[in-house]
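Down below is the structure, laid out as structure tokens.
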């Protein structure tokens, strides 16, 4: 049976919103519930088509130049909203509009300059974003070829355009959709989330010209409102340590296969936002081992793995790891290959000596947890 992938990917997972709903005041529950219900419907529906949104996914027009279009939903939920800033227009004066415009360019430039990729689809796809979606909507998501940003409530989350890596993360879901199109459940779904975290973080580092040891490796560093106990939504450096707050709860991400969360499919699509901490940590390990700018070696290994025809849509952590080792060797040398093997081994995923030359992904093997 052909599995049709869910092309809607949200930044804030249901379990965070459930914690906020449980712990917030009665007066705040309605807004939280609206975001929670919407997020869950986006994750669980395999196909969502609405007549009031732009379908930017089948645009075959080839362009060599950046084209951004920013829309304002005016706190409604009809998409795309009103066009308020198109390519080449001056600053709008609305911080959300201008942040989206600026960081869409930063993401485009990252993929163009580092990977010679022409927008998300490598064909010059227009970048479309809608801001001010919903009333105090507490999420951002990628769907049907566009970005959507909520304003947050100002008490838990700030406006979702404040973090460049959030925009880089969600647009990277578009790149994944146009390449490996990893199925958004279980380990392949966790890799989908992790790869978006990886490239979102690299967009920030590239924009700030940070080396691996200078970066925070935090996703959504500017998102948490004043008074919330945390540094962001996820930490690639220390999975599970991003936040510990009375409203948000404690970050449940593991950083090692020993702590892998075996969730059912109805719980975060099998833990896609949770178990992504394991490959996140593996990438961080490699970036630190190699030093310098993380996009130059570690990033290129991950990107070439994403493009590999042997990467199955239902891949596992181990299968993905094998391919990263293959590309580390093919792109660089034995030292980088060994660093890649060691980085996965440190999170409990062991690429065996007899496996490392295969480079093929059958999508069936299970991650080995013994080190």
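Each residue, glycine too, has its Cβ placed from N, Cα and C.
On its own chain, residue 169 (Zn(2+) binding site) has 11, 196, 197, 199, 200, 219 as residues at least 6 apart in sequence with a Cβ closer than 8 Å to its own Cβ. In three-state terms derived from DSSP, residue 169 (Zn(2+) binding site) belongs to a helical segment. The Zn(2+) binding site feature in Swiss-Prot is assigned to 169, 173, 193; the stated evidence is similarity to another entry.
Among the features that Swiss-Prot reports, active site is placed at 170.
Residue 273 (active site, proton donor) falls outside any helix or strand according to DSSP and counts as coil. Taken from Swiss-Prot, the feature active site, proton donor applies to 273, supported by similarity to another entry.
Summarising the annotation, Swiss-Prot assigns region 'Disordered' to 352-371.
Take the mean position of the Cβ atoms of 169, 173, 193, the recorded Zn(2+) site; other residues of that chain with a Cβ within 8 Å of it are 9, 11, 142, 170, 172, 176, 192, 195, 196, 197, 200. Within the same chain, residues at least six positions away from residue 193 (Zn(2+) binding site) with a Cβ under 8 Å of its Cβ are 9, 272, 273, 276.
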